[in-house]
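Here the structure comes first, spelled out in structure tokens, and everything after it is commentary.
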Amino acid sequence: MTGTLLAATGSLAPATRSFLSPSGAEIVFLLVGIAVLAAAVVSVTTRQLVHAALWLVVALGGLAVEFLLLTAEFIAWAQVLIYLGSVVVLVLFGLMLTRAPIGRSPDADSGNRWAALAVALAAAGTLVTLVVDAFRSGWIELAPGAGSTRATGEYLFRHWVLPFEALSVLLLAALVGAIVLSRTGKGRVPGPRAGRLRAGKPVGRPTPTAQER
Amino acid sequence: MIDTLLRCVATLAVFLVLPLVIGQTEHKVMAHMQGRLGPMYAGGFHGWAQLVADGVKFAQKEDIVPAGADRKVFQLAPAVSLLPYLVVLLAIPVGPGGFVGQAIDAGIFFVLAVMGIGVLGSLMAGWASANKFSLLGGLRTAAQLMSYELPMLLAAASVAMAAGTVSLPGIVDAFHWWWIPWQALGAFVFFTAGLAELQRPPFDMPVADSEIIFGAYTEYTGLRFAFFLLSEYAGILVVSALTTVLFLGGWHGPMPDSLGWLWTLLKTFALAFVVIWLRVTYPRLREDQLMRFAWTGLIPLALIQLALTGIVKVAIS
């Protein structure tokens, strides 16, 4: 299996390349990476809630560009579709529904910032150590088309079917959990509102309460 | 290099011209369908120069940012709402043999992903205006987008399954005439959901003028407001062109392939006409009707289409 993986992505040859003469794509990769990092830092340090969400858009969009530069086209579009188009929209929706004042929101400040910083640094340290240790000075030649939809689909559904299916079970569990949480809220069926021509089906549990009896 | 540049410039030209043509068509078609006299004088024949006059009017108006608004986000929003459609247009194939701005391997995916970004513009505008009506409009936009994105994706997935590829030119290449009855349900779902994503009537709850003035765009004037309008017309173009490419066979038609681009254009404009027609015909859906239509109407239909596509695909292979 590793054989096919390597055949598609190029050899993991030891460092025959110098890091001192980068190509144009590598320079762009680095610059976009810096921009992503900066946007991410601003996103967690800004004191304006909605701005944080918008900086998240920049950071996630930059990540999509990084995927593109690594020839992983399909992953890049998936990133745009899921994270920019859905997750950030959901975040903004949630913010607008609750409270998102224009300007600073001091009451949204959390006292846990140092703990959060420590956890973030520890997580980043672990990941960086892991990746550096795994690849050392290995060099993967990026063949164009190695991350195309066809290649990604083949990996996903030939070699990695089990994790893929396990993930879908996880999503299903989350879905069921959301339904359970939203159903056991009040246990009271709201009556039809004024101006409503056709009442929808009741969402809550149909247990009659004392008031209705 | 020159070739790429030329394609980009051509796409930009199309982007600047066709939405305006659709806008002009909308004025005139609506006027005829509803028997409105409307502006019939600018430029002489049928008031053809009215659109030019409108453009001049927009350009003259003062660009106002409300005092309580979040200036930067407010000013950035029109661009965020307009630019995705330009990028999407780059990937839509017009004719056979590489007659496309930029052939993209995962075409459908790219197009749907980038179109989703445009809504961020409405959300930003709605929030940054510091206006309750705008905020309500932004919220309605977000709710509508999240409900209608799913059926749209499912319908597009059905075509990708039928063609066995996610590249847009590849899908048109694989097209046969009997796909039209086979994918009719999917076409209906895709077109309707696309209409809803554009917030066109009858799905224009987010800009319902009788309740919330003009939704997220209430505080905008001048060119920035014109950009929002332009993005709506560009959206009509993109959704019509995508429906053409995915469900109506794009450049296929009873004439030599060299005239394929004409078929794409004709079908796109026929669909754009239907969009305008629907606006004139149907009243606005209420918010709850809108949500119910998406979740209990379109999504089951899209799933049925997906199952049908799978069954037929297995049966003929």
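Indices start at 1 and increase along the chain as displayed.
Including glycine, each Cβ sits where the backbone N, Cα and C put it.
TrEMBL entries are annotated by machine, without manual review.
Per TrEMBL, the feature transmembrane segment maps to B:76-94 (among others).
Within the chain carrying the transmembrane segment (B:106-129), a Cβ under 8 angstroms from the stretch's Cβ atoms is held by residues 66, 69-70, 73-74, 76-82, 84-85, 87-88, 91-92, 135-139, 141-142, 145, 149, 152-153, 156, 159-160, 166-171, 197, 199, 206, 215-220, 228, 231, 235, 238, 242, 246, all 6 or more beyond its ends. What TrEMBL lists as transmembrane segment is B:106-129 (among others).
Per TrEMBL, transmembrane segment is recorded for B:150-171 (among others).
According to TrEMBL, the feature transmembrane segment maps to B:225-248 (among others). Nonlocal intrachain contacts for the transmembrane segment (B:225-248), taken as residues 6+ away from its ends with a CB within less than 8 angstroms of a stretch CB, comprise 15, 18-20, 22-23, 26, 55, 58-59, 78-79, 81-82, 85-86, 88-89, 92-93, 108, 111, 115, 118, 121, 125, 156, 159, 168, 171-172, 179-180, 183, 186-187, 190-191, 194-195, 197-200, 217, 264, 267-269, 271-272, 275.
The transmembrane segment feature in TrEMBL is assigned to B:260-281 (among others). Residues 22, 25-26, 29-30, 33-34, 93-96, 99, 191, 195, 200-202, 236-237, 239-241, 243-245, 248-253 of the same chain, all 6+ positions outside the transmembrane segment (B:260-281), place their C-beta atoms under 8 angstroms from a C-beta of that stretch.
Outside the transmembrane segment (B:293-316) by six or more residues, the chain places 147-148, 150-151, 154-155, 157-159, 161-162, 182-183, 185-186, 188-189, 192-193, 196, 285 with a CB less than 8 A from a CB of the stretch. Under the heading transmembrane segment, TrEMBL lists B:293-316 (among others).
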